[in-house]
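Chemist: Right, I'll just put the structure down here and ask away after.
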Amino acid sequence: MMRMKKRKRRKRLKNPFQLEMWREAPGAPCGVAMGRSCLCTGGTATETCRLAAMTTLMLIGLAGYLSGYDGTFLFQKPGDKYEHHSYMGMRGFCAFLGSWLVPFAYLTVLDLSKSLSAALLTAALLTFDTGCLTLSQYILLDPILMFFIMAAMLSMVKYNSCANRPFSAPWWFWLSLTGVSLAGALGVKFVGLFIILQVGLNTIADLWYLFGDLSLSLVTVGKHLTARVLCLIVLPLALYTATFAVHFMVLSKSGPGDGFFSSAFQARLSGNNLHNASIPEHLAYGSVITVKNLRMAIGYLHSHRHLYPEGIGARQQQVTTYLHKDYNNLWIIKKHNTNSDPLDPSFPVEFVRHGDIIRLEHKETSRNLHSHYHEAPLTRKHYQVTGYGINGTGDSNDFWRIEVVNRKFGNRIKVLRSRIRLIHLVTGCVLGSSGKVLPKWGWEQLEVTCTPYLKETLNSIWNVEDHINPKLPNISLNVLQPSFPEILLESHMVMIRGNSGLKPKDNEFTSKPWHWPINYQGLRFSGINDTDFRVYLLGNPVVWWLNLLSIALYLLSGSIIAIAIQRGAQLPAEVAGLSQVLLRGGGQVLLGWTLHYFPFFLMGRVLYFHHYFPAMLFSSMLTGILWDTLLRLCAWGLASWPLARGIHVVGILSLLLGTAYSFYLFHPLAYGMVGPLAQDPQSPMAGLRWLDSWDF
């Protein structure tokens, strides 16, 4: 029964990015086939996937509300059938935003290159890419994220083109729209920081140029600076904060992710046991309590009947931290030197004070919180923490000194407010949580250790949250509810902590950043055998490999042109104009590709193929600019030949037709495949499995 109970509990929210993790399931069906779920849009305020993608969820939720979605479908598991639930409005909304990537890219390249053919080629590359199509047709974060990134890029390019008309209505419009788009991009995912960085670098370069223009007064330069501060900093921050305000106001109910947040945060959530609750103010012996770690997303001190496996310290009962409300989080606080029942009416109430020696007895198993000199399971320089004893009877290794941070000995301990540490009496170590995820034998809960390093850190500081003692009077917890700035700060700390905690697990399907540009391996969205309707996320290989080639060619040709200009080479007027387009326009989108790709090499979190798609948008724009420019240069260089003028036209048409035909070949990846898998020679997709790593 205990094993079954544990497995059931593990299906709950595990981290603040549950929405993203559901779609990033390791090779398992994501459920994005027609009529199946792929996104959690229901639930409660503290399912913090909503915080990680708050703008997305609010927009999708609005689309669902307007199209008849009643909020009763729980989105609990990828692949669940929608059945009678209305979901087409949400899918249609994501598809609508995804469809705007093509015109945004077209207009951006048209403005950067002043070439209709370059813009058409870029639009074709995105139109005929199976990967962008797959992401755009389902209820996912990615099309919304890419929409705001491309909107910010287009707006930035447009207000740059209005530089000769500063402070005009179009200039203000595009500058303000850039700020709005930046707020949207950051509100969807933290990846939005990359486009913010690009706009910031562009703005710094722009202001530096204006500062060096001696025809402008310092007052005018100050006006330019003020305008950019207002539109690119104040406006995005105001919109971003406003979306959080709306979020906290509308979504204020409790949910299974409550444990990610502090006790004070939980007190404001209706349905939470701390909301409008009254509990005893001071901790007393005999009280049943829960002990919560103060570091974000660590959770409650927890134990269960399972033992540490053979070879992992002493084979005693496991002690972990767990993020969710659970009966196994309950502990009874007792004196260290007596087994008498403090709740006996004949005994007077005795409060726990700073400096007291106590025992914590696990309510469900009657084993004491225990430590000894055995190594902790994962953090080798720390000591193991276990549950030990029978019916509360153990040994001296069960004794802990309770200390309140920055308090004097003898002071009472306040529930929720006092920040406490538990010092092991025998070893002198401090109870804490390393934050490391235990293997499957530990149910992927977090490791609890006793650290011999006595420095105060949030990992080793706790507070008492739940407090049950019938002999004590209660006080209201309304006074603990935090202010909006405190809520905003805490939610971001939880998101950052949750994002950094997304580590690859054993045998989990992940990918590496170097895989992405070469289209090395896709991601199975639905179906695993020849009887399933299969959707497979993979970029159109012709488009992606052309983009990769274009990056290499651009670095080569751009370097040659830059060196020639720096050395004072006198270029013909047409060549000089094309060179400026290549260096400035191409350089702008190459910077975008660099900023949206290379930071992933520095990330320790788990990564998936879809993380590359924002960078892919920029590489496609670079391809359009590069090949249009190179073909024009070839046509100019061969001007004496009779057919020289046709080189550019034939080259562009060949690229357009090649990408269109490759889409015709690979479109089943996005629209769905049936029949034998591609590994089977009889499969209609067998001839298209150009790389062994493609498992469609």
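Glycine is treated like the rest: Cβ placed from N, Cα and C.
Below, the features straight out of TrEMBL:
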- 280-336: domain 'MIR' (DOMAIN)
- 349-405: domain 'MIR' (DOMAIN)
- 410-467: domain 'MIR' (DOMAIN)
- 50-69: transmembrane segment (TRANSMEM)
- 90-109: transmembrane segment (TRANSMEM)
- 115-133: transmembrane segment (TRANSMEM)
- 140-159: transmembrane segment (TRANSMEM)
- 171-197: transmembrane segment (TRANSMEM)
- 204-221: transmembrane segment (TRANSMEM)
- 227-251: transmembrane segment (TRANSMEM)
- 542-565: transmembrane segment (TRANSMEM)
- 585-608: transmembrane segment (TRANSMEM)
- 615-639: transmembrane segment (TRANSMEM)
- 645-666: transmembrane segment (TRANSMEM)
Chemist: By a Cβ-Cβ criterion of under 8 Å, what residues six or more beyond either terminus of the transmembrane segment (204-221) are in contact with it?
Modeler: 160, 163, 228
Chemist: According to DSSP, how is the domain 'MIR' (280-336) divided among helix, strand and coil residues?
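Modeler: Within the domain 'MIR' (280-336) the tally stands at 3 helix, 28 strand, 26 coil.
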Chemist: Please compute the mean pLDDT of the model over the domain 'MIR' (349-405).
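Modeler: Summing pLDDT over the domain 'MIR' (349-405) and dividing by its length gives 89.
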Chemist: Please check if the transmembrane segment (115-133) comes into contact with the transmembrane segment (615-639), where contact means 3 or more CB pairs closer than 8 Å and the residues in each pair are separated by 6 or more positions.
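Modeler: By the criterion, they touch.
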Chemist: Cβ pairs under 8 Å only, please: of the recorded stretches 171-197, 227-251, 645-666, which one is richest in them relative to the transmembrane segment (615-639)?
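Modeler: Comparing 171-197, 227-251, 645-666: 645-666 has the most Cβ pairs near the transmembrane segment (615-639).
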Chemist: May I ask which of the stretches 171-197, 227-251, 645-666 has the most CB pairs under 8 A with the transmembrane segment (542-565)?
Modeler: 645-666
Chemist: Near the transmembrane segment (171-197), which residues from the same chain, at least 6 beyond its ends, have a CB less than 8 A from one of its CBs?
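Modeler: Same-chain contacts beyond the flanks: 20, 52-56, 141, 144-145, 147-149, 151-153, 155-156, 158-159, 162, 165, 227-228, 231-233, 235-237, 239-240, 243, 495, 499, 592, 595-596, 599, 611, 614.
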Chemist: Would you mind splitting the domain 'MIR' (410-467) into helix, strand and coil residue counts from DSSP?
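Modeler: For the domain 'MIR' (410-467), the helix, strand and coil counts are 6 helix, 27 strand, 25 coil.
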